[in-house]
Amino acid sequence: MTDQKQDFGGLRAPDVYDVASNALRFLAVDAVEQANSGHPGTPMAMAPVIYRLFTQVLRHDSKQPDWPDRDRFVLSGGHASMLLYGALHLSGYDLAIDDLKRFRRYPSRCPGHPERGMTPGVEVTTGPLGQGVANAVGLALAERMAADEFNVPEAAVVDHRTWVLCGDGDMMEGIASEASSLAGHLRLEKLTILYDSNAVTLDGPSSLSLDEEVATRYLAYGFRVLRITDVDDFDQVDATLLTAMQTKGQPTLVIMNSHIGMGSPFHDDHRAHGAALGAEAVLSTREQLQWPHPPFVVPDEAYAAWRPDRQSGYEEWVDCCQRASTADPERFAEYKRRVLDQVLGESAFEWPEYEDGSSVSTRVALGAALRAAADRIPEIVGGAADVESSTETRLSTQITWPNYQGRDIYFGVREHAMAAITNGIGAHGGFLPFASTFFVFSDYLKPALRLSSIMELHTLFIFTHDSIALGEDGTTHQPVEQLAGLRAMPGIVVLRPADARETSASVAFALRRTKGPTVLVLSRQGLPVLAGTAEVSTDSLSGHRLRDGDDLTLVATGSEVSLALDAAKLLESQGIMTGVVSVPSLELLRARPAEEREALLGTAPRVALEAASSFGWYEFVDSVIGMNRFGGSGRKDEVLEAFGFTPEQVVGSVRAILGGK
């Protein structure tokens, strides 16, 4: 090995680098061995790169893990979590050896896959492959947006990089391709993807399923592509990371050839991927790598190597903030509110007004409410998966290279990446992001929405064209099972407003609900503005009564609320006094005290009315008029009649439920 170059000012001898790398390797080996579960192979392979990245490249401070201008590091291959936990411990973060010993135990600060908010230094929750790559694109995009908005010539308060480590599995996932394509289009020069190309997957060599030239693909995306042919060559590692940092006008992919399970009997063997090495193999590895220390024992020499005397960038950023506050007090005050204090912008503003009986689709009402909010809350940003004109989510100007100071993100037809990039923007801070598409395509992005909920991110997901009433596009585009699926997901609130006023209240709720994603489900067709919603508020979203009746209660959401009101009038003319309750959110209804919920729904027989799967309704009602089959292609009125959603048909269904009364 040649002498270490001075690219980063490093002065330590090569043997110290080996000690530092091996300290990380064996923390991973020992933790996985003790848990008898985990993935030791990648930490053993990538330890040298992570050592140099954390000690010579990243702007980070273990004592200030959340300072806003830190570099972001994302471990997309979350199964290799001990690589990150070990690096955080060795770097001095609040993660003790005793925490590492509880790897994959419950409760633990070192779960099987990294979880945001559970472990200091973990930026996003990863594990499902490819998600971290897309999250990193969101983090890098948020940095560019914030830099354009808050930096002044005298001081750049936003100036950090995003690094993401991924592997062959990530590269196979469609979401990584979607996100990388957009990153290249947006020329996110502060983004570097570190690709661990070890040619091994869980089932065997990656050649079983992957033989493409990844470099060529990323060149086509617009990336600069660099290579590290030997991750144990510290000269090459340092020089390549420095080159990546100096790249302008495009993101960077660094392809790193490594050896999974390096130094073990399972060197370059898929058996090192996802299981403990075993006692014999661990002993052999210790001998091979000349590591005489007992499990979880790290020599002082290794700690010293991992904690070099270098500036983290934190103090420099503090000075930068002082200069910025002097140079442009108003701009810095906005930065302080959104980034430092994380306080939402003004919420006391005028919502659009609507006349009783006027016809407004809730997607149009959503657009009006969102723009009214965005006029007063500048951190609202977002976009659509190439359906912005249909989801009515256009705010102002496009976010693109070289001007990232717009409000509208054109995600293209990349639903899955759109949602995960939205998560990255939300995790970055300083922005309140939203994503939108047709409701049926929520299935294309559900894994990212699930992670948004796990991370408790303040994000908005807007889904329009919410039922068979969208008509002519037919069964492939008509949602049926999607509402039930999203309602089953913990931690999110699904809102399906009945009219324009309930829609405004739903937007207000989504802005104020900062812990977890909020989903808004909206109609394509016009819906009457209901007289009973004139005084609607966020408190009404758990359910409010629009009509009284002692014989029957119809409980409905969205477009079926006005249908329920029409059916109730017909039922009354036939002697069945029917009440109507609008329930925009079943989650909020469930959260109400039981006595309040029962008082709202009443003691009369309850029938739910919703043009969607009946699954999940029987917790609240006795019977359901719903959609338990796919729809069909035709004009809206034809389709609704074909599936029993006219006032007269609802009356017939209700009478059948009541036994012909």
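Glycine is no exception: its Cβ is also placed from the backbone N, Cα and C atoms.
Heads up, TrEMBL stuff is auto-annotated, nobody curated it.
The active site, proton donor annotation in TrEMBL covers GLU415. Sequence-distant neighbours of GLU415 (active site, proton donor) (same chain, 6+ residues apart, CB-CB distance under 8 A): ALA385, THR437, PHE441, TYR444, LEU445.
A coil conformation is recorded for ARG524 (substrate binding site) in the three-state DSSP classification, outside any helix or strand. Listed in sequence order, the residues of the same chain lying 6 or more apart from ARG524 (substrate binding site) and placing their CB within less than 8 Å of its CB are SER361, ARG363, SER390, THR464, HIS465, ASP466, ALA469, LEU470, GLY471. According to TrEMBL, the feature substrate binding site maps to HIS39, HIS273, ARG363, SER390, HIS465, ASP473, HIS477, ARG524.
As annotated by TrEMBL, thiamine diphosphate binding site applies to HIS79, GLY127, PRO128, LEU129, GLY169, ASN198, HIS273, PHE441. DSSP classifies PHE441 (thiamine diphosphate binding site) as helix under the three-state reduction. Around PHE441 (thiamine diphosphate binding site), a 10 Å sphere centred on its CB holds 20 further CB atoms from the protein chains shown.
Every protein chain considered, the tally of other Cβ atoms within 10 Å of the Cβ of VAL200 (Mg(2+) binding site) stands at 28. The annotation Mg(2+) binding site is assigned in TrEMBL to ASP168, ASN198, VAL200.
Looking just at the domain 'Transketolase-like pyrimidine-binding' (360-529), the mean pLDDT is 98. The domain 'Transketolase-like pyrimidine-binding' feature in TrEMBL is assigned to 360-529.
Secondary structure from DSSP puts HIS39 (substrate binding site) in coil. Cβ contacts within 10 Å of HIS39 (substrate binding site), excluding its own Cβ and spanning all protein chains shown: 25. Summarising the annotation, TrEMBL assigns site 'Important for catalytic activity' to HIS39 (among others).
Long-range Cβ contacts of HIS273 (substrate binding site) within its own chain (separation 6+, distance under 8 Å): HIS39, GLY41, THR42, VAL200, THR201, LEU202, ILE260, GLY261. Residues or ranges marked as site 'Important for catalytic activity' in TrEMBL: HIS273 (among others).
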Other C-beta atoms that fall within 10 angstroms of the C-beta of GLY127 (thiamine diphosphate binding site)
19
CB neighbours of SER390 (substrate binding site) within 10 A?
15
Whole-number Å distance between the CA of HIS79 (thiamine diphosphate binding site) and the CA of HIS477 (substrate binding site)?
35
Closest of the binding-site residues to LEU129 (thiamine diphosphate binding site), Cα to Cα, picking from ASP168, ASP473, HIS477?
ASP168
What Cα-Cα separation, expressed in whole Å, is found between ASN198 (thiamine diphosphate binding site) and ASP168 (Mg(2+) binding site)?
7
Counting other Cβ atoms within 10 Å, pick out the least crowded of the binding-site residues HIS79, ARG363, HIS465, HIS477.
HIS477
